[in-house]
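*Asks:* Got these off TrEMBL a minute ago, pasting:
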type: TRANSMEM; residues: B:12-29; note: transmembrane segment
type: TRANSMEM; residues: B:49-71; note: transmembrane segment
type: TRANSMEM; residues: B:91-116; note: transmembrane segment
type: TRANSMEM; residues: B:123-144; note: transmembrane segment
type: TRANSMEM; residues: B:200-220; note: transmembrane segment
type: TRANSMEM; residues: B:247-267; note: transmembrane segment
type: TRANSMEM; residues: B:287-306; note: transmembrane segment
type: TRANSMEM; residues: B:353-374; note: transmembrane segment
Amino acid sequence: MGILEVKGVGKRFGGLQALGDVNLSVAENSVHAIIGPNGAGKSTLLNCLIGKLIPDTGSVTFEGQSVLGRTPYEICQMGISRVFQTPEIFTDLNVMENMLIPCFAKRDGAFAMNAIGSVTSQAEVQDKAMQMLEDMNLADKRHMLTGSMSRGDKRRLEIAMCLSQDPRLLLLDEPTAGMARADTNNTIDLLKQIKEERDITIAIIEHDMHVVFSLAERITVLAQGTPLVEDTPENIKGHPKVREAYLGESVD
Amino acid sequence: MFGLAKKDANLLLIVAGLVMLAPFILNPFPGESAMAQFNAGYPDLMQRFVIFGIFAIGFNLLFGLTGYLSFGHAAFLGVGSYAGVWMMKLLTINVIPAILISTLVAGIFSIAIGYISLRRSGIYFSILTLAFAQMSFALAASVLTPITGGETGLQTALSDPRILDSASSGGNIPSPAIFGMEMRDSAELVLGGWTFTFNVGYYLCAVVMILAFYTAIRIFRSPFGLMLRAIKSNQQRLNYTGLNTRPYMLACFVISGMYAGLAGGLMVSMDPLAGAERMQWTASGEVVLMTILGGAGTLIGPVLGAGMIKYFENIFSKINESVLHQWFAFMPDGLEDVIVAMLYPFIGKGWHLTLGIVFMLVVIFLPGGLVEGGQRIGAMFKRKAKADDKSSANVEPAE
């Protein structure tokens with residue numbers, strides 16, 4: 001049984017059946033990619049996993065516990081972290097402050113009334129944030145306002161923020177969308193490195209086949225709201241159904 | 001020092017110094033001179049400076065940190081005022097219970113309003129708070145007359161029970177006091193042409209204000225304050241970082257409301273009369289102006305803004321036409337009349353116009369408020385000093 005189990009999930013928006021009957025099992029400590037053409041329901045599926053949408057039918061369980069009906073912060077506290085398509089960071093705060101917030105959330109839970117002691121006096125959290133920044137090569141930028149950083153650095157920081165909470169499942173929504181080639185390759189290397197160094201499961205939604213085939217161990221192809229095939233990258237590459245979904249039916 | 005970083009400790013000491021020495025600082029002109037009307041060092045106005053300073057500090061904790069613009073903060077001030085007067089009517093004329101209960105009651109009131117209003121953000125939050133404040137105002141002025149005194153306001157009376165005080169001494173309504181020292185008691189120091197007034201009430205307010213300012217610094221620098229700033233920056237990311245923003249917002253709203261209640265309690269301790277107009281939307285708007293004028297999100301900004309607006313309201317409004325004629329008496333008659341006619345709309349009752357222009361200029365050219373103005377001037381001097389260094393060294397290559 002996988003760390004994340006999606007069973008019979010369906011979601012309808014008015015007349016549009018965005019997700020039909022999705023079954024998906026993400027094995028622990030694997031990199032699982034979900035690909036599919038535009039409108040296949042990738043983002044809808046992701047939103048069902050992190051509590052932004054509640055599916056009409058089916059169940060989603062993480063480590064045996066249902067995530068349905070839970071709010072995003074509860075799901076995060078369960079151990080699922082999400083990286084957004086456009087990096088979502090605190091643009092008015094500096095890099096260090098950005099890093100401190102998830103560290104506090106990890107230590108204190110969803111709410112804590114720490115209104116008297118200063119941020120700088122919390123040595124253990126400071127050390128943890130600093131360690132994480134060093135691991136991610138962001139330490140020398142720690143006083144920089146994040147709004148002025150490059151796209152690649154923002155992405156790196158966002159991933160660092162997610163990792164500082166020691167999630168067991170990292171969800172990435174098109175992590176290289178809109179990136180230059182060099183930044184894309186950096187992100188791939190970063191994710192590979194994370195995979196090697198940590199016990200972590202990564203689920204990734206991606207358009208860029210280069211990214212998918214350099215990272216994924218399993219691939220699920222989604223088309224029109226239902227999973228078409230699930231297989232290893234090698235088998236997916238030549239799969240006739242996949243070609244059909246991406247390129248249209250053959251003429252004969 | 002005091003668990004603060006050096007910079008913050010210095011700021012606190014400067015503010016404490018200024019507040020404690022205010023009777024001197026605000027009285028720069030000798031009593032007989034023509035400029036004496038610009039003196040603000042009389043107890044009534046100084047009390048207002050610090051009380052509205054507290055109000056604005058509290059408002060800034062909400063608006064400056066989280067970006068949630070409450071347009072109904074005067075309601076908490078009003079509720080605090082009523083609670084304070086009732087304490088002085090029922091319990092004792094000593095102001096300590098009045099101030100404590102004001103803060104507490106405003107806190108409870110803000111839990112109720114915050115719980116509902118914080119379901120929405122942005123303009124809808126502002127409108128909800130405004131609606132609640134206007135409802136409170138309307139209720140206080142009409143149906144709640146037995147509790148609030150309606151339009152005449154609530155005040156202490158000779159027949160009040162005051163169960164903790166010994167039997168009323170003589171035929172006078174006792175005036176608010178702290179352990180026997182009446183709020184209106186003053187000591188005067190006459191030095192040459194100057195008269196400096198040291199008022200018991202003012203110093204009580206000043207001490208409370210310094211404590212309130214200190215608490216605000218601690219909150220700004222705490223993990224709690226960091227989370228509040230994160231709410232302003234990106235609430236979605238905060239949710240997906242495993243933090244529940246709702247209790248953070250509510251806690252902040254309640255703290256802010258308690259600051260307003262504290263200000264209300266101090267207000268009635270100085271003058272035991274609470275009227276419904278204190279809750280009107282113009283009063284809520286005033287604290288918004290104070291905070292933005294001084295610099296929202298900064299520590300000292302709201303205090304400066306409060307001081308500036310209260311100065312305009314009380315000093316600028318007292319300049320009248322004959323005063324202008326006195327000032328320009330040295331000019332030829334025709335010119336004098338022209339100048340006075342040109343300046344007249346900006347003084348006296350026209351002080352709102354002057355304040356409005358100042359506010360516009362600040363918002364357009366100094367979006368960070370008076371504090372940003374101060375920083376720019378500071379930076380200018382620094383740059384100048386650096387340039388001087390460079391020219392004297394002269395051998396350094398250009399950067």
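Glycine residues also receive a Cβ, built from the backbone N, Cα and C atoms like all the rest.
Heads up, TrEMBL stuff is auto-annotated, nobody curated it.
For the listed features, I'd like the structural context: burial, neighbours, distances.
*Replies:* With a cut-off of 8 Å between Cβ atoms, the residues of this chain six or more beyond the transmembrane segment (B:12-29) that come close are 2, 4, 35-36, 38-41, 45-46, 49-50, 194-199, 202, 206, 209-210, 213-214, 217, 300, 303.
With a threshold of 8 Å between CB atoms, the same-chain residues lying at least 6 positions outside the transmembrane segment (B:49-71) that come near it are 19, 22, 40, 77, 117-118, 121, 125-127, 129-130, 133, 202, 205-206, 208-209, 212-213, 216, 219-220, 225, 228-229, 231-232, 249, 252-253, 255-260, 262-263, 266-267, 270, 281, 284-285, 287-288, 290-291, 294, 296-298, 301-303, 305-307, 309-311.
Using a Cβ-Cβ cut-off under 8 Å and counting only residues 6 or more beyond its ends in the same chain, the transmembrane segment (B:200-220) has close neighbours at 2-4, 8, 11-12, 15-16, 19-20, 22-23, 43, 46-47, 50-51, 53-54, 57-58, 60-61, 65, 95, 99, 176, 178, 181-186, 255, 259, 262, 266, 269-270, 299, 303.
Same-chain neighbours of the transmembrane segment (B:287-306): 8, 11, 15, 49, 52-53, 55-57, 59-60, 63-65, 69, 71, 73-74, 213, 216-217, 220, 358-359, 362-363, 368-372, counting only residues six or more beyond its ends whose CB sits under 8 Å from a CB of the stretch.
Within its own chain, the transmembrane segment (B:353-374) is flanked in space by residues 289, 292-296, 298, 300-301, 304-305, 308-309, 312-313, 316, 345-347, which lie at least six positions past its ends and keep a Cβ under 8 Å from the stretch.
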